[in-house]
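Asker: Handing you a structure now.
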Amino acid sequence: MAGAIDGASSITVAVRVRPFTIREAAQLTRVDDGPLFLGDGSLAAAPVQRHAGKGIRSVIKVMDEKCLIFDPEDSSTQGRMRPGMGGKRTKDQPFTFDRVFDDNTTQAEVYEATTKNLLDSVFDGYNATVFAYGATGCGKTHTITGTAQQPGIIFLTMQEMFERISEMQEEKQTEVTLSYLEIYNETIRDLLIPVSEVTKRGQGLMLREDANQAVSVAGLTAHRPQNVNEVMDMLIRGNENRTQSPTEANATSSRSHAVLQINVAQKDRNAGHSEPTTFATLSIIDLAGSERASATKNRGERLLEGANINKSLLSLGSCINALCDPKKKNHVPYRNSKLTRLLKFSLGGNCRTVMIVCVSPSSVHFDETQNTLRYANRAKNIQTKAVRNVFNVDRHVKDYLKKIDEQMALIKDLQAQHKDFESLAFAKFKKAEEKRSGLLKEALARIRAAYDHSGDERKEHINNMKRLRQIERRIGLISAWIGSFDQICENREDEEPPLSLTSMRKTASGILVELEGSRQHYHKRLAKANWERS
């Protein structure tokens with residue numbers, strides 16, 4: 001990315017005062033005619049008679065296009081006292097903004113004064129953001145989305161965008177991509193995919209930051225509309241998937257923050273491959289409204305939703321407070337919520353930002369309106385630095401070549417390190433192998449020496465075995481002769497054996513005893529040799 005910084009510029013803050021609703025009109029302390037506001041979805045142009053004496057009054061008086069008075073003095077009362085407020089004095093507090101819209105302002109007028117100029121910036125390569133801020137039921141969704149009869153900023157912006165693209169199509173080649181997401185209970189969901197697929201995925205999408213700390217949503221689908229009708233079809237499909245639930249304060253309350261991102265890439269049609277391409281992102285954000293549980297009478301799931309909405313808006317308020325005085329160099333707590341992480345560059349980074357603050361004129365919403373105006377007043381001091389986003393192919397090719405050279409040098413260095421490591425490892429292996437080989441040779445030499453040394457012992461052992469076998473054979477023969485002699489004598493009990501035979505038997509028995517002793521002797525010698533060998 002390349003480009004020249006235009007310098008610091010403040011966030012543009014506009015305030016839109018919605019008309020009274022039918023319910024509020026019935027309780028006004030004054031009697032007059034005027035258009036009625038029917039919620040975030042529509043404005044009613046038909047005048048309706050308002051009845052007096054019910055205790056509600058207007059707490060905002062629009063002075064001109066840049067100034068309003070909060071809690072103005074009512075000319076019908078004395079001493080600047082608030083009717084129905086226990087005699088308390090009115091604040092009569094002035095506020096000035098870049099633009100103030102009263103309850104008679106049309107959707108087209110709001111678009112012309114806030115968003116139209118941002119299109120010039122987007123086509124010139126500057127990021128831009130429009131977001132609606134305010135309490136629930138104050139007209140944010142009506143301002144951003146609108147109705148078929150009174151289309152909002154999204155339709156009017158996209159209509160003019162495609163008209164401009166059509167007008168310069170002979171000179172410029174433009175590509176538009178679009179994504180639409182919501183932040184519901186601190187979970188990011190893609191609004192342009194079926195709910196069944198969202199359910200199948202389980203956990204929400206994850207936020208990612210690149211090297212320039214630009215925040216993106218991983219896994220978010222991108223679509224390429226060709227005209228404003230396709231955009232509105234996508235928007236309708238996305239809004240059907242968006243979380244909405246009725247509350248006491250707003251029958252069509254949005255329970256999530258919705259973010260529409262339009263990416264525009266553009267280059268000269270006749271430009272060469274190396275010519276630069278400008279690209280920018282226009283973000284249009286409809287924030288969920290802050291709310292008090294006592295006012296909305298929420299319970300259960302609605303109460304949890306409201307708590308998460310208030311948490312993210314409180315984080316947004318903390319960021320606004322930290323950014324409004326850059327001299328103090330306060331830490332900006334962008335990471336306190338998914339919303340503030342997404343709005344990081346819109347609030348204090350590379351972006352031109354318009355904040356449309358929607359407020360109620362009713363005294364019923366006195367505190368909410370006062371707090372909203374205070375935050376809006378602080379937001380005027382926030383500085384952003386918009387940078388023109390230009391993609392130059394030649395420059396990026398040079399960057400890539402430089403990167404390639406760096407990577408090649410790194411590869412060569414790693415290869416040299418690997419070679420050194422291999423040499424060291426081989427040297428260690430060779431040394432260990434030589435040591436093992438030496439030990440093996442030494443063991444074999446010992447075995448051979450032991451074998452050679454035991455030659456005489458082996459010969460003696462063999463001779464002893466031979467003598468033992470000879471003795472055992474002689475013992476066997478003599479024992480057999482004595483047994484046969486005794487058997488014959490037993491068979492001839494009546495005859496006395498010859499004296500010579502009796503003497504022979506006695507001699508044979510003596511020889512047998514000597515042989516048995518010799519056998520025992522050789523057994524012991526062989527057993528001893530086996531023990532020593534083992």
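Backbone N, Cα and C define each Cβ position, glycine as well.
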Asker: Coiled coil per TrEMBL: which of the ranges 117-144, 341-368, 397-424 is that?
Answerer: 397-424
Asker: Take the Cβ of Gly139 (ATP binding site) and count every other Cβ within 10 Å, whichever protein chain it belongs to.
Answerer: 26
Asker: When you measure from the Cβ of Thr136 (ATP binding site), how many other Cβ atoms are you left with inside 10 Å?
Answerer: 25
Asker: Would you pick out, from the binding-site residues Ala135, Cys138, the residue whose Cβ has the largest number of other Cβ atoms within 10 Å?
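Answerer: Compared across Ala135, Cys138, the most Cβ atoms within 10 Å surround Cys138.
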Asker: Provide the three-state secondary structure of Ala135 (ATP binding site) computed with DSSP.
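Answerer: For Ala135 (ATP binding site) - judged by DSSP and reduced to three states - the answer is strand.
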